[in-house]
């Protein structure tokens, strides 16, 4: 790829693509090839100021636009996304690395979020009680809150932005998006299509960059709320700094999801689900299976099945239809993953499938093959830390109660899954596990646009989760009106 093939990205402010107030840029790589595909500006707080000002000006008219009219724009946007499904999926694969099959699934999730947001006339409805007392009635009305800031991660460049700005905008707010500097290309395409659907200028703005943009949004007085998805340390920082400046904040953070396999489980089905959950998207998702707690009686059988299935996975450039496991996002993330693998060995875990030996790991791109450890304990870093890579740790347990207790010792509590044929075990799991997203005989309890999504403990900072009715509550404020008619 020559320099002329590299896309030079701009910011999207007030309906215009404009240069940032800086000459500093960062390279965007195709992680499957290691080649530079774009340069993204490292924008400044001046760029944030311009975007917020544009959003504030647009809010004056957009917030007064009738809700059904806003919904019609969302419906047009949804159809454009459907029409561009394959194109969007290819962009996801190019800048993120996940397989084209998974990318198409991510596009579907994003479209579902827009579909949900298009139901704004219903979502924005208030409530009324006509007879709170003699001659008195009371009602609740919803209103937008103003300019919203969104900070999104690299691992879902389509789905996460689409669960933020379409719903916020449908509720009458305006939006400033800071996409991950590692995957900014898809965000630009989303903005182009929204404009094509008829979105007025300034309602959606994009400011590319890193720390300065994040801090600019967190500190700006006219930004009323921040939605964030990313790592635990940054989520905590965003929450504390945002609330310090008087903002609503929802910050979805890291994870270390446990899958529990009981002796009565269908091991073949469990194996298939765990493989997909652990190694799909190269393990770079907050719902990835990171730890398997398996009852001792079936541990050897399950482990052999996991290794056999892992050996059959096709590793490579995700644009090829037959590929299951693509690269991790960057060279430094690959090196970090290799350090965790070495740490597991040094701390005494049994490395039973070494992804470092897959030939793709030693070629072009940022590949790490499926890696499986046995005899892991909760004292090891590979059990404690979010690795965010195709590394699976197996712990042998004697009972469901022990497995639940083990999972609950993690500081993370995003998700957990149980494989069993027992209704009583399912109930025990549901009532005692400390996590926000639970799966029963499935590997990934994925977020749905119409239900709230997030975790517990250090996996979430805030009060209102993403998606569903929580999302509507987050992006709106309420008025209570009590009236006596004379």
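A Cβ is built for glycine as well, from the same backbone N, Cα and C atoms used for every other residue.
From the candidate list 19, 386, 402, the residue Swiss-Prot records in the NAD(+) site shared with 154, 178, 181, 182, 231 is 386. It is 182, among the binding-site residues 178, 182, whose Cβ has the fewest other Cβ atoms within 10 Å in the structure shown. Residue 286 (active site, nucleophile) and residue 386 (NAD(+) binding site) are 9 Å apart (CA-CA, integer value). Cβ contacts within 10 Å of residue 286 (active site, nucleophile), excluding its own Cβ and spanning all protein chains shown: 28. The Cβ neighbour count for residue 154 (NAD(+) binding site), using a 10 Å radius over every protein chain in view, is 22. Among 154, 178, 181, 182, 231, 386, the residues given in the record as binding NAD(+), the maximal Cα to Cα distance rounds to 24 Å. For residue 154 (NAD(+) binding site) paired with residue 286 (active site, nucleophile), the C-alpha to C-alpha distance reads 12 Å. If you compare Cα positions, residue 286 (active site, nucleophile) sits closest to 231 out of the binding-site residues 178, 182, 231.
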